[in-house]
Amino acid sequence: MIARPDLLTAAERFGTPLYVYDAAELDAALSRVRAAFGGARVYYAIKANPNLTLLGRLRAAGVGFECVSAGEIARAEQVGMTGDEVLINGPAKSAGEYAAGARLGATFVVDREEEVGLLPPGSRALVRVNPALSVSTHDHLATGAADSKFGVTPAQAPGVLEALRAAGHDARGLHVHIGSAIRDASDFSAAFARLAELHAQTGDLEVLDVGGGWGVDADLPGIAREARTAASAFGARLWVEPGRYLVARAGTLLTRVVGTKRTGRNFLLTDAGMTELLRPMLYGAEHPVTALWNGDEEGTWDVAGPACESGDLLARNVRLPSPTPGDLLAVGQAGAYGASMSSAYLTRPRPAEALWDGQDWTLIRRRETPQDVWAAEIVPTAARQS
Ligand SMILES: Cc1ncc(COP(=O)(O)O)c(C=O)c1O
């Protein structure tokens, strides 16, 4: 955990809103994953946080990357990933994504039958199975439900494996990812039970990839136990694709108090909001909010951002000491899907990011400027001349 004086220093030095990451927490999360999942191969789902410095650190620790777009594949390449260290997922891959995967020698996760004919010749591939289950998470975070767009049905999966082999691809096994922010091992065991039924038709497999989806407070040992049992039933090597679990706790969003408003509810207005951290608005996500100032008199506050959107709230009903403009708030567990989902809506430049190594801060992404936001736009000639 980063001490309060060090957080205050970061805000002074780099300004706010600011994402800060604790390298020790990132390393600790990876150690917990490795302890729970034993010899499983770890592919970090870089959508959770694609900052190149963090990617470089994870790569140095021996982690592979799961990518879902040409941009993410380019990031993987940028930090030196190649071959089997790269896993390419996605329900509607583009020609450019197939070409980039072929150039790197990546493994593709096949999401529909048509892909057998679209893969580059001689591709390494897994087949994603949708177990058609409802799991205990937000609807938008469930990816293994019967009405979700991901994967093939359990009935289709053996045929797709066979078709891949017949087409000359290296069909190595099955993949399942049932959603995100899931805490209970029972959701995973239900999914793995659906896969186990396929063993009679598939025989042993080289790889069983059980995806990610583990919530910050998930029962990791329980989930790992279920995953290892499922992999050994197939005689397969276990692969995992954690995103959130690896980076969520490492990240904190620092934001300054702009002011207050009392209108029946107490609003604490901050310089960060939905453009920096979309999750509360998008999924009703709850993040711990801590005051980095002292004060006795506690009140209950709704923490709201500066955007002209009613949903622009970081948290509701937070107990905080009496605030003064300029005070600093820490929004915790924001390392996953925080910076990566930040936007330049309202031409708000995206925030800076800094890494704490236990001794000092390093700026790992500079704050954008308005000029960065419109850099790809065509400036009208008249404006250019004036
Ligand atoms: C296929 C796949 N694997 C892994 C992940 C990572 O999920 P999480 O960040 O919840 O671990 C995702 C997230 O959307 C995904 O779609």
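Any Cβ shown, glycine's included, is placed from N, Cα and C.
What TrEMBL records for 19-335 is domain 'Orn/DAP/Arg decarboxylase 2 C-terminal'.
The feature domain 'Orn/DAP/Arg decarboxylase 2 N-terminal' is assigned by TrEMBL to 25-248.
What TrEMBL lists as N6-(pyridoxal phosphate)lysine is LYS47. Long-range Cβ neighbours of LYS47 (N6-(pyridoxal phosphate)lysine) (same chain, at least 6 residues apart, Cβ-Cβ under 8 Å): VAL68, GLU72, GLY243, TYR337, SER340.
For GLY213, GLU241, PRO242, GLY243, ARG244, TYR337, the entry in TrEMBL reads pyridoxal 5'-phosphate binding site. All chains included, 23 other C-beta atoms sit within 10 angstroms of the C-beta of GLY243 (pyridoxal 5'-phosphate binding site).
What TrEMBL lists as substrate binding site is ARG244, ARG279, TYR283, GLU309, TYR337.
TrEMBL lists CYS308 with the feature active site, proton donor. Non-local neighbourhood of CYS308 (active site, proton donor): LEU346, each in the same chain, at least six residues away, with C-beta under 8 Å from its C-beta.
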Output: those binding-site residues from GLY213, GLY243, ARG279, GLU309, TYR337 whose CB lies less than 6 Å from an atom of ligand 1, in sequence order; none if no residue fits.
GLY213, GLY243
So among the binding-site residues TYR283, TYR337, who's got the most Cβ atoms within 10 Å?
TYR337
Quick check on the binding-site residues: of GLU241, GLU309, whose CB has the lowest count of neighbouring CB atoms inside 10 Å?
GLU309
Between GLY213 (pyridoxal 5'-phosphate binding site) and TYR283 (substrate binding site), what C-alpha distance do you get in Å?
15
To test your reading of the pyridoxal 5'-phosphate site: which residues beyond GLY213, GLU241, PRO242, GLY243, ARG244, TYR337, same chain only, put their Cβ within 8 Å of the Cβ centroid of those residues?
ALA45, LYS47, ALA48, SER180, GLY212, TRP214, TYR245, LEU246, ALA336
